[in-house]
Amino acid sequence: MTPRICILYTGGTFGMKPSAAGYAPDGGLEAALATTLPAAGKDGMPAWDLVEYDRLIDSAEAQPADWHTIAADIAARYADYDGFVVIHGTDTMAYTASALSFALQGLRKPVIVTGSQIPLCEPRNDARNNLTSALLIAARYPVPEVGLFFHDRLLRGNRATKVASADFAAFDSPNHAALARVGINIDINAAAVLPMPRAEHFQVVEPGMQEVAVLRLYPGLSSARLQHLLAPPLAGLVLQTYGAGNGPVAMPGFLDALAAASARGTVIVNLTQCQRGGVDQAKYATGSALAGAGVVGGGDLTVEAAVTKLHHLISCGLEPDAVRRQMPLPLCGECSEPA
Ligand code: ASN
């Protein structure tokens, strides 16, 4: 039987049209896809249905509530399809893919997020190829995870990050191998794909009101500025530190600000600013001082995965200490097992 895929169209450059102010989201994608995509059954192409969102957005506008809407829409249709493809803007695609992975844990069917750098309406575009490959993989390969397909690679969604604003190869997965490569053939890297779970255990939870912030350390940051950012009711902070997880711990007030916020229940997660590798807070005295102030090492999580994981765990109702324990442990392949 021809597999059937549900396409969720949320916005992004993929379906945008030129306007006086630049590219802007536009609807009516179903008709365009019907004339663009190869017919169902041809060369492995699946049949598909399209869900077009009423509020199509540039993904720069995406909020945690939007991640929840997409996860709930997939969960509601899960039994009816062999897989799902989410058409999304590239700017925050890695956040949405990460958020979906935490909501749809134990996934037994592919959910592939994709988009493009040039809209489908343009004569030269990457939209058609990206969607065709995403559909083929979702229909024919048992990849039980949230993937992000772009250009010629399927990446694990919660390991991906946008690395180029003007290249077709816009995403990379610095700390985990690609799940598949698409050339003349589609080659699945089975060793990199999550094992098929026994059962789904989705956690599609309404996002809470909590705020999660990101701060990238830089020479010249004052302790007063840090203290200001940490002011209540901040629930979580992703702190991007130097190298293996180091910060200016000798600066008066710096550790005090972190320790006070940790004591108030703010979960502070230490990630590296480096593009590859992760944090080991035990390696340097400047890192272990952060651990002493209650900062938890986030290993090799991406910023996108850390922000969405904090939102997910807090929205699930976990207490700060439980969130701190979960952050370094992989729930769905988002980070390496701690040493
Ligand atoms: N601004 C667009 C978006 O994220 C960029 C894109 O999709 N290529 O919606």
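Using the three backbone atoms N, Cα and C, a Cβ is placed for every residue, glycine included.
Annotated substrate-binding residues in TrEMBL are THR90, ASP91, and among SER59, SER101, SER133 the one listed with them is SER59. Looking at THR13 (active site, O-isoaspartyl threonine intermediate) and ASP91 (substrate binding site), their Cα atoms lie 10 Å from each other. Taking a C-beta cut-off of under 8 angstroms and a sequence separation of 6 or more, SER59 (substrate binding site) has the following same-chain neighbours: THR10, GLY11, GLY12, HIS88, GLY89, THR90, ASP91, THR92, MET93, THR96, GLY115.
ASP91 (substrate binding site) falls outside any helix or strand according to DSSP and counts as coil. Take the CB of ASP91 (substrate binding site) and look out to 10 A: across all protein chains shown you find 18 other CB atoms.
A Cβ within 8 Å of the Cβ centre of SER59, THR90, ASP91, the residues given for substrate, is found for these other residues of the same chain: GLY12, THR13, ASP58, ALA60, ALA62, HIS88, GLY89, THR92, MET93, GLY115, LYS162.
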